[in-house]
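Remarks on the structure that follows.
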Amino acid sequence: MDFTTQLLIAAISAGTPLLLATLGGILNERAGIIQLGAEGLMLMGAVTTCIIYIRTGNLLLALLATVAVTAVLGLLHSFLCVTLRANQTMSGLAMTLFGSGLSAYLGKPISGIPLPGTSPKLHLPWLEPVPVIGPIFSHMDYLTWFSLLLVVVLHLLIHRTSWGLHLRSVGDNPATADVMGIRVQLIRYSYVICGAALIGLAGADMVLAYAPTWNEGLTAGRGWIAVGLVIFARWNPLRALFCAYFFGALDSLGFRIQLLGSAIPSYFLKMIPYIVTILVLMYLGYRNRNKPSGTPEALGVPYIREQRF
Amino acid sequence: MSAKETGGTALLQPSPAKSGGKFSWRLEYDSSRIRSPWWTPILSVILALLLCAVFIAANGMSPITVYEKMFHGAFGTAYGFTETMVKAIPLLLCGLGIAVAYRISIWNIGAEGQLTVGAMAATAVTIYFPDLPTFWALSLMLVFGFAAGAFWGLLTAVPRTHFGVNELITSLMLNYVALLALDYVVFGPWKDPKGFNFPGSPMFTAAQSLPVLGSTRLHIGLLFGLIAVAVYYLMIRFTKWGYELRLIGANPTAARYAGIHIKRHIIIVMLISGGLAGIAGMAEVSGVTHKLMQGISPGYGYTAIIVAWLAKLNPMGLIVTSILFGGLIVGGYSVQTIGLPSSISEMLQGSILFFLIAGDMIHRFRIRRGA
C-alpha cells in the first residue's frame, strides 16, 4: 500500500466519528436548535458503549444503549430549548460539562480496560483486487458503511422529500411553517433527539474503531471540531462527508509525520486541526461576507406562537 | 338522563360548548417577566445536588456521606477553607473576564486557554530574566500574563469582528492550542534539567513568588481579584464606556444607530476578558504551584463560565459564586480519598447550569385556566 492509500484509510477511520457528529449537528441545526453539547454527548456515547460492551460483551446492545442514553440527553436539550425556550448556547455548554463530568464518573471503574472487540468489518473479497478502491473499501467496518449510507439518506431526506421540506421550513421560518399546519415543536423535538443520538454514535465509533479503551476526556475536542464542521459543511450532508474526511486526514497526517521521525514536535502537529478550523472559518467568513452563509434563518431563535420578532 | 328529568338543575351544569374548557389548563408564556427571582440560583444548586445524589446512589455510594465529605473538605477546616479561597481566585478573575464579555453578548469560553498562556508568559519571565528583584519580577510577570491572555483574546475577537466567525468555536479551539503549547514547553525547552525527568519548569525563586498570607497557601492574588471586581463595578456604573457596554447589551441595534462602534467594543472587551484570565494564570503559577507544569488548570476556565452565569454578571455575586465553586473543586478533590473521581464536581457544575437556565425560563410561564 502506498502512502496516499494509507492516508485515505486513516482519514476515513479518523473522519467517521467527525462525520457522524457533524450529521447529528446538521439535523439539530436544520431544525433551528444550536447543539453545542456535542463534546459532552460524544463522551457520554463513548462511555456508554464501553461500559455496556465490557459488561455484557454484546456490541449491538452497547450501541442500542448508546443511542438510548444520548437520545435522553437530546430530549433534555430539546425540552430546555424548545418547550422552555431557554438559552441554547448555555444548554449546550451545560450538556458538555455535565457529559464530561458524568462520563468520567461512570467510566472510572472501566478506565483502561480494553474492549472485548473492535467494530466488526464488512469483508468484500471481490473488491480487493481493484487498485485504490480495493484496500479502502474491502475492509471497512459497519459503522463507517452506516455513516456513508446516512450521508446519502440525509441528503435525499433534506433536499428531496416533503419531510425535509418541513424540516427546513421549521429551521428557516417556524412561524410560516406553523401557519401551514406543520407541527414545529414536534419536528424540533424529533430532530434534536435523532441528532443527539447520532452524536452519541460518533462517540461509540471513536472507541470502537479509533481508541479501543475508555480514557477520561478521550474525545479531546472532536465534538467541538464537529460543531465547526457543521458550519464548513454549510448544513449540507454531502459537504459534511468531504469536510469530515479532510479533517480526518489532517488528524492522521500529524500522526504519520511523527512516525516518519520528523523534527517538528508532535504537539505542533496535534494543533493543526484546531488552527485549520479557525483559518478555514475565517476564510469562509471572508469569502461569503456578502452572501447568505446557508445558516438556517431561525437558528438559535426560540419559536413562540403568536409573537412577532 | 333527559333534561326533563333533571329539571332545573340542568342550568347548573356546564353547557356542552364550554365543557372541558373549565378544567383545561394551559401554559402561557409571558415575555415581560425577564428578571428571574433571586432564589433561582439557590434552588438550582439544591436541585443539582439532588440529581447528582441519584447518580451517586445508583453507583452504590451514600450521597450524604459524599456531600458531607465534600463540604467538610471545602469549608469544614481552616486548611480546607484557605484552599477553597485559593481556588476561588482564578475563578473570580476568569469569571469576571467572562462576565465583561457577556455584557455585550460575546461568549468567551476560552478562559481556559487564556489562563494557560498567561501562566506560560509569566513563566517565560522567570526563565529569560531570572535575576530580577522581587518588585520588578512580579510586575513584569503580571504585565506579561495580562498581555498574553489579552493576545489570546484578540485571536478570538478579530475573527469575530472582521470575518464573522463565531467566537465560541474560535475561543474553544484556542484552548486546545494553548494546552498543547503548554505540553510542548513543559516537556521540551523549559523542562527543569534537575527535575528528575518530571515535566515542568524549574521552581520559581522567592523573588518570583507572590507573597502569601501567614503559613497558608492563600496568596496576594486574592487582592488582584477583589481590585478587579471593584474596578469592573465602577467602570460599568460610572463611566461612558460602561454605559456604552450596557447599551450594547440591552439593545445592539439601538446602540449601532446611536453611533457606538460595536466592533471596537468587542475587541476591547475581549482584550480585557483574556487579560483577566491571563492574570489568573500568572497568579496561579506565581502564587500556588511556583512552577509551570501540565494541568496547571483543572478546568478553571470552564467552571468560570458557570460562576459568571450564576452570579448574573453581578460583581458581588461573582465573589460569592467563585467561593462556592472553589469549594466545589476542593470538595471534589476530597472525595478522591473515598475512591470517587473528582469529576463529580464537574457533573455537579453541569447540572447546576441545567437547572439554572431552566429556572430562569420556567418562571416566565403562567398556568392559565380555561381556553
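In case you wondered, yes, glycine gets a Cβ from its N, Cα and C as well.
Just so you know, TrEMBL annotations never went through curation; they're auto-generated.
Tertiary proximity for the transmembrane segment (A:6-26) is limited to same-chain residues at least six positions away from its ends with a CB under 8 Å from its CB atoms, namely 35, 38, 41-42, 132, 135-136, 140, 143-144, 147, 150-151, 154, 194-203, 205-206, 209-210, 222-223, 225-227, 229-230, 233, 235-237, 240-241, 243-249, 251-253, 255-256. Marked as transmembrane segment by TrEMBL: A:6-26 (among others).
The transmembrane segment feature in TrEMBL is assigned to A:33-54 (among others). Residues 17, 21, 24-25, 61-63, 65-66, 69-70, 73-74, 77-78, 81-82, 88-89, 91-100, 102-103, 106-107, 110, 113, 115-117, 188, 191-192, 195-196, 199-204, 206-208, 213-214, 217-219, 221-224, 226-227, 299-300 of the same chain sit 6 or more residues outside the transmembrane segment (A:33-54) yet have a Cβ under 8 Å from a Cβ within it.
Beyond the ends of the transmembrane segment (A:60-82), by six or more residues, the same chain brings 33-35, 37, 40-41, 44-45, 48-50, 52-53, 88, 91-92, 95, 99, 185, 188-189, 192-197, 199-201, 203-204, 302-303 to within a C-beta distance below 8 angstroms of the stretch. According to TrEMBL, the feature transmembrane segment maps to A:60-82 (among others).
Beyond the transmembrane segment (A:89-107), the same-chain residues lying 6 or more positions past its ends with a Cβ under 8 Å from any Cβ of the stretch are 34-44, 46-47, 50-51, 73, 76-77, 80-81, 214, 216-217, 223, 300. Residues annotated as transmembrane segment in TrEMBL: A:89-107 (among others).
Annotation source TrEMBL lists transmembrane segment at A:142-158 (among others).
Listed as Cβ neighbours of the transmembrane segment (A:189-211) (distance under 8 Å, sequence separation of 6 or more from its ends, same chain) are residues 13-14, 16-21, 23-28, 30-31, 33, 35, 37-38, 41-50, 59, 62-63, 66-67, 69-71, 73-75, 77-78, 81-82, 115, 118-119, 141, 143-144, 147, 150, 167, 218-219, 222-223, 226. Among the features that TrEMBL reports, transmembrane segment is placed at A:189-211 (among others).
Positions annotated as transmembrane segment by TrEMBL: A:267-286 (among others).
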